[in-house]
Structure formats: C-alpha cells, structure tokens
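Visitor: Supplied in structure tokens, the structure appears directly below.
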Amino acid sequence: MSYLPVWLRDYRRADFSHDLVASATLLVLLVPQGLAYALLAGLPPQAGLYASIAPVLVYALFGSSATLSVGPAALPSLMTATALAGLAVPGSAAWIALAGAVALLSGLLRVVLAWLRFGFVANFLSQSVVGGFVAGSAVLIVLSQSPQLFGLTAHGATAWQIAVSLVHALPGYNPSALALSAAALVLLLVGKRWLRPLLQRLGLPAARADLAAKAFPIVVVVLGGLVVQLGQLPVRVVGALPNGLPPLSWPLIDLAGLQAIWPAVLAIALVGFVDSYSLAQSLALKRRETVEPDRELFALGAANTAAGLTGGFPVSASFGRSAANELAGARTQLAGVLAAGWMALLLLGFTELFASLPLAVLAATIVTAVSQMIDLSVLKLAWRYDRRDALVYLTTAACVLLLGVVDAILLGVGLSLALFIWRTSQPHLAVLGRVPGTEHYRNILRYEAVTEPDILAVRVDESLYFANIRFVRAALVALLRERPATRQLLLVLSAVNAIDVSALQGLRELNRGLREQGVQLHLAVVKGPVMDQLKQSGFLDELSGAVHLSTHAAMQALKAGENSDFII
C-alpha cells in the first residue's frame, strides 16, 4: 500500500475554507481534552498538548479516514494510568518515561503488524467484549476522577483500590473544589441536554447548534478559570506550563520496566486499533468512502510512535472530536494538520492562558464526556438475542472494575474465543426432507417435509474443524442408529466454509466406517474452496458415494440409483 497522504491526491482549493473552520473547532476541543486526559493518565498537563501535535500530524499523513480525529482519548489514558500504577509515582520523570515507552512500543507494534498485513486483528474483539470493556472503563474513569472533584488525591488501578483511597482521603475534601466541580457538572449536563434545542429555537441552524453544544465544555472550563482568578479560590489548578514545542527524546526505561509494561502495550495496541477502526468505518459509511484496515493500523502505529518520541502518551481516535470535526465541515485531514499547527502556536507563546484552569472543572469535563460511553443497548440486545454474549459483556465490565483494564481486555478476548469454540464445537445438524410440491429441502422439525426410508439427508450448519468433528461424527452415528434402514447418507455442506485436516481425517474415518456397514456417504452443495481442498487431499477418490450439485439433484439421483451428478 502507498503511505502518502490520500487526501492530497484530489485536494481542491474550495475545501480549504471548510478545513480551516474545522481546525478551529478541533483546537477548541483538543485544549481541554488534552489537559484533562493527560491528568487522567497521571501525567503533567502539557503532555496532553504535546500529544495533540505530532500524533495528529502523523495520522493526517498516513490515515485513510477523511475526518477521524486522533489524539488524546479517554480509553488509552485510563489504560496507561492503570498499567503504570505501582511502577512509579504519577507525574514523576519515571512515570513520564514509562508512559512514553508504552506509546512508542504500542506504536511500533502496530507498524510491524500493518507491514505484515495483520489488520484483521480487529476481528478478535467481539462487540460484547468491546461494549463491556468500554462500559466498565467509563465507570472506572468516573471513579478515578472523583478525587479531583473533591479536591483530593487518590490512586489505584482497580475500582476497589480507588474507592478505598478516596474514602480515606474524603475527610480532607476541599469545599471550593467541590462547589466548582458541582457547578461545572450541572452546567455541562444542562448544556448537553438543552443547549442544542435552545440555540435552534433562537434561529441557529441545526448543524451549528450541535457544533456549539459540543464546544460548550471549553466555555465551562474558561468560566471555571475566571471564577478561580476573581475569587482567589484555594483550589488546584493546571499551573505554569513550559513554553515551547514538545521535546524530541527517546523514553529511557530499564529492563524491569520494559517487562512490566508489555501486557499494557499489547492491550493498548489492540483496543486502540479496534476502537479507532470501528469509528473510522462509521464515518466512512456516512461519506460513502472506504478505510483500509492495514493503512489505519499503520497510521495509528505511526501516530503513537510519534507520541512516544515527543513527550506524549498513547493516543487514539475520539468519537466526540471526530463527530465535531465532521459537523464543522471538514473535508480532509488538513483540518487536523491546521489544528496541530494552532496548538504549536499556543505552546510557543500562550501557555499562560492555561495556568488558572481548575483541575476540578477539567475532571468534570471528563466525567460528562465518558458518561456517553456507557451504551447499554449492546447489553440489552445481547440479553435478548444470546445471553452467553451478555455474560461476556458483564464479565468483561466486571473484570475492568475488579482487575484493571489490561487484565480485563485479555480475559475478555480469551472468554470470547472460548465461547466461540464452545459454540462451534456443537454445531446444529438438521435432518432434511422435501417440502411437498417443491424442490426445497428443509428441517423436518420445522416443516411438514417428506423423507425417504433408505436415504438420510443431514445439513451441517458449521464449518468442520478439530473442535467439532468428533461431535458431528457422534451425532451422525446416533441418527443412523435411529434409522437402521438407511443405506445412503447425504451430507449437505451449504453452510460449511472450511474443513481442516482434523475434520478431513474424521470424514475419512466416517466414510470407511459407513462402507463397512453397507452405507454410502454422499456430499451435496459443496462450496468451491472446500471442493478444491477435498480434490487435492484425494478424499473424493476414497468417497464411497458421490458429490452432487444440489440437495434435490442428489435425492433424485439416489432414488434412481445413479451418481450422475458427480462434480469434477
């Protein structure tokens, strides 16, 4: 694949004004989010601003999504904080180096996987795992920000540890911080619910009203800073930030630290890609565009590598910023490039603007932002459709709270794969009969269908592989035992997409066993790739019966005592 910016190929001069407006919108969102998510990750506030420059530029160069906004985000920030808990003191030089190393290594890992065309790894996280992980993480983020709302400091990697730390610190809460955060929460929640319809009633177009509502948090943050300055409130603030662009440096950590962060590197690389790629697909669908998984994997890897080398921390796509970027009229990733440029200008000479911003209000913006991450619709659907998927959702969410985010995602993936193997290890088998007056063959348990006394037609509703071939053989033997007059066994393989070596050996043994009992084995509706493998293996030469094009053709040939429909 080409690694040149895809948006440069057909860029039009008319697009520039749209991208310019969108870049201002992105900047308005990146500033408070960058500061807040840096604090969530246990880093100095300026790290969030650093992570809003180089990673944004790099993704704009290599990404395939026109409007995806990559930068500081809730999930990677939380995962970084919980992964580093106990390894160093939050905010210390060692902590900063470890966070940079996590970003760098997770980025390099994704670059290598993209080079190997491993974009398909996005398929290893089911919707139940992702939904449960995001919901549990949202609760954990809210809990982790609770100390800031009270003007306190509390630490921990799990919900229990954070809660215990908060309870112990609660007697020393700061009334001014609590009042500020409470007022900010009220404003943010009211603005989220009522600002958009209010602006529309005042005559503002729907798109602009929605955009203004999304940008409202920075208004609340600025108001909080003004209140602190005017009232000289004794609350924790961002403080003085260093002027200048992010330093280019290699994060130095020892071997013990490297070994300790590898689980987090793997989890952040996987979750960050799946979350970002899913969002990119949603945005592309609206614009009737396509996104390439391997290109996205490379772009996100390169962006995180840049974050690790420029004093940042792991970054990912942001749903809120991406939606606002699109609403603002962004046409290409030039909007992100310009936003990164504006951020660089702020760092070069205007960092004093951030000094009086209260941490309690920044925490309130995080709490309201992540509250929308708790989407119970996935759980409700899973509960109605298949409660085993609901169990995966709930288990993953519980693991996030009890064990931490890194262990939770690994356990969630393991549970999801185990559930998949368990499901496919006991595939559905349907005995088929002909629906009277038609050439259609259906499950005799669902239709009034006619069967033949000496022919047993069975449809296998799953690919055949090592985990289910013994079950299938045992089920077929049981069906034959119930029908002793059977002389022809027809396997309908319309739902079989693959047959592995273990399953092939099982079919060979079944074929030999049936031949010894005077029963012929036939196949029908075999898919092309499966047929090719059966031919190459020599199984068709051993088959006691024949391969037929359709179930009806097979039944007609078998009733007539013919094998004329053999497929070569």
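Note: Cβ is positioned from N, Cα and C throughout, glycine not excepted.
Quick caveat, the model's predicted, so the values are computed rather than measured.
The annotation domain 'STAS' is assigned in TrEMBL to 445-558. Under the heading transmembrane segment, TrEMBL lists 20-40, 47-64, 96-118, 124-143, 176-195, 215-235, 255-280, 334-351, 357-379, 391-422.
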Visitor: Establish whether the number of Cβ pairs under 8 Å between the transmembrane segment (47-64) and the transmembrane segment (124-143) reaches at least three, counting only pairs separated by 6 or more residues.
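Guide: Output no: the transmembrane segment (47-64) is apart from the transmembrane segment (124-143).
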Visitor: Can you check how the pLDDT averages out over the domain 'STAS' (445-558)?
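Guide: It averages 95.
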Visitor: With a cut-off of 8 Å between Cβ atoms, can you find at least three pairs linking the transmembrane segment (334-351) to the transmembrane segment (20-40)? Only pairs 6 or more residues apart in sequence count.
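Guide: The transmembrane segment (20-40) and the transmembrane segment (334-351): touching, yes.
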Visitor: When you look at the transmembrane segment (20-40) alongside the transmembrane segment (255-280), do they share 3+ Cβ pairs under 8 Å, ignoring any pair fewer than 6 residues apart in sequence?
Guide: no
